[in-house]
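Data first, discussion second: the structure below is written as structure tokens.
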């Protein structure tokens, strides 16, 4: 499995009894990335049976409480659980002081290193890269400095066409890596076997874009072009467009327009205003523009293979 | 009703799925006092159907996360709900910076005034008083500066003995307040009717003491002497006395000893270590010392009339 997204909360602003503020757990190429961390996220992680020990990277979109008030509690719990590996926290400039001041007042001696990567740029930049995954910022437009995040698998290796390879006894298993990396094979006779004859196209590299909170911002379209999965906030319906503009949020119509223009695979809406009891109104507004639109479901794993 | 205590959470340290860290709502003489505010307290308040608008006084025992990480979220919600009346927060020195730094980073403009009463004394002092209620600190002994709190109704007015009063046509309704305040009545003839003949003893003034977190601290006994209700932490059983001493907590035996020596009405234990699945072991240890010991029950109102 390439990507598994578990939504831990998608409430806006005021926490409720049976839902939770924004937090998501993204598993991509076997890495665990936590995205946003509203109050109570650590309990939601428990409900999702997440392995706390695997959380080494946290991405915070912005410093509004419904996206970050659970972070200090999670850090505190990781400490009580004896975490030793470093924790990287990506978030807006100020997040280090925000957290460290709380740790200081609570007289916490962290058992692990916290590495804060503070963001303040206004254009999309790569903020994380390892062997298999890259993460980019998606600058958003909210009342406070905010980034979405784009998570991408790197291009994968080509797959061996075993039947084809076996026709050449000269090709040994120690050659396979070169083939997967796209190299041609040269026989002792000097004959060149083109790579395409020995390998198959790699599995597609999957991608996920998280965009919350934000006003309609069409200039993110090139950044998220063609992602397999997009989470885009839709706090309001279009009849409250003025309210959306004023509070720095999007409507369902706007979220769907972004999804359509970016030609994404699937759109998940979220961060709905508490005024909407029946969330199907969101789908009614979005689907005529982008059909593959869905509501978030707490703890339901969205998988992209 | 004089006192109604609703326990919103009594977990120690790590939040769990079906319980919550320390928080209590005390209704005393129709005032709403929130005691401690671990992560998720605002959701617990909703579950308890508490009226957020009535919360004007919050008492924080100490700045460990399981007692205070929910405070910023509650303040944030009170603000979103349009609270206008001032909020008084009593807590250890540092609590103002702890909260204000978070409000600054989240760019929150509070719609109401927050008045921080920072404590740093080592002896019991009166920190709140109005017409009907007084609150005193109970200095505790934990790993970090900590106070328990003693909530007391002030002595109530005497009650009219209507039958007795009606024997004296000279006593008018406008005289009743003087009688309730303990004054004798002087007839026109000059004869003095002693107050005791015209009134009955007042209803008893009720009191509640909250003591968490703390090592066994027998010098709190005179402060809480005779309270109707005592909540005293008992994180461990006696077989882990060393652990209790080391981590700054009490055993069930110690909590019961405090209750017995202070001759309290009823003892509620709490703040149990996660290692205890069956909490009846706490009662087994405490009841031989102080029989009227009980386990806390989430959302169950403990009433003292």
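Just so it is clear, glycine is given a Cβ too, placed from its N, Cα and C backbone atoms.
Look at TrEMBL and you will find A:62, A:64, A:142, A:213 tagged as Zn(2+) 1 binding site. Secondary structure at residue A:213 (Zn(2+) 1 binding site), taken from DSSP and collapsed to helix, strand or coil, is coil.
Reduced to three states, the DSSP call for residue A:66 (active site, proton acceptor) is helix. Residue density at residue A:66 (active site, proton acceptor): 27 other Cβ atoms are found within 10 A of its Cβ, drawing on all protein chains shown. The active site, proton acceptor annotation in TrEMBL covers A:66.
The Zn(2+) 2 binding site annotation in TrEMBL covers A:66, A:67, A:213, A:271.
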Residues from A:64, A:67, A:142, A:213, A:271 facing chain B - binding-site residues, CB under 8 A: A:64
Residue among binding-site residues A:142, A:271 with least C-beta crowding, 10 angstrom cut-off: A:142
Number of Cβ atoms other than its own within 10 Å, given for residue A:62 (Zn(2+) 1 binding site): 26
Euclidean distance between Cα atoms of residue A:67 (Zn(2+) 2 binding site) and residue A:213 (Zn(2+) 1 binding site), Å: 9
Chain-mates of A:62, A:64, A:142, A:213 with C-beta within 8 Å of site centroid, Zn(2+) 1: A:61, A:63, A:67, A:140, A:143, A:144, A:146, A:212, A:214, A:248
Minimum Cα separation from residue A:271 (Zn(2+) 2 binding site), reported as the residue among recorded positions A:64, A:66, A:142 that achieves it: A:66
Rounded inter-Cα distance in Å - residue A:67 (Zn(2+) 2 binding site), residue A:142 (Zn(2+) 1 binding site): 13
Extra residues within 8 Å (Cβ to Cβ centroid of A:66, A:67, A:213, A:271), Zn(2+) 2: A:12, A:13, A:21, A:22, A:36, A:38, A:61, A:62, A:64, A:212, A:233
